[in-house]
Structure formats: structure tokens, C-alpha cells
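Here Swiss-Prot flags R23, N41 as active site. The annotation domain 'Acylphosphatase-like' is assigned in Swiss-Prot to 8-94 on the grounds of sequence analysis.
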Amino acid sequence: MDKETLRALHVIVKGRVQGVGFRYWTRSLAKSLNVKGRVRNLADYSVEIIAEADTDTLGEFVYALKHEHPYARVESLNSEEVRARGYTDFRIEV
């Protein structure tokens, strides 16, 4: 993907998103959509995601984060565009 089409989002997901496999599901979703970046749990029980892809793919990714996990209950999802770092994969950080 070239630099003109690559976008990056910093996402904070709040709700019942820890202890339900959300990070592993997010990584699987990202790999299926060819999204690059990372996901990690935060101390306040939210989940932080950095995601890089084209605009349409990021839209699909964010929609799925909000609506498609079978056990999570997303109460809020906040995202902001950030500078792309050029991730080469999608990983879970601890």
C-alpha cells in the first residue's frame, strides 16, 4: 500500500472488552482485512488499538470492532487519525 492511501487510527474501546478474548479476536479480524498495527489492554480495562490500512478497510475494521465480537459489549469506541508508522504485521502487546 502506498503512502497516499495508508491511514492510521488510534482507537480506544471501552466496555466489557477484557477477559473475553477481544485482543485475539481483534488480531484475527485485522489479519483477515490486512490491517497492520497492534492491540493491548490498558489498566483502566479498556483496549487500545493502532490500526493502519486504507480508509475503506479501516471503516470496515472499526464497524466490526463495535458490533461483531460475540462476547464483548462495546460501550464506547473513540478513534482519531494519527501518523502511520508503517507496521508490517498486527500483533498483541502486553
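Cβ coordinates are placed from backbone N, Cα and C, and glycine is handled just like the others.
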Helix, strand or coil by DSSP: which one applies to R23 (active site)? helix
R23 (active site) and N41 (active site), distance between Cα atoms, whole Å: 8
Within 10 Å of the Cβ of R23 (active site), how many other Cβ atoms are there? 21
Could you give the number of helix, strand and coil residues in the domain 'Acylphosphatase-like' (8-94) as assigned by DSSP? 25 helix, 35 strand, 27 coil
When you measure from the Cβ of N41 (active site), how many other Cβ atoms are you left with inside 10 Å? 17
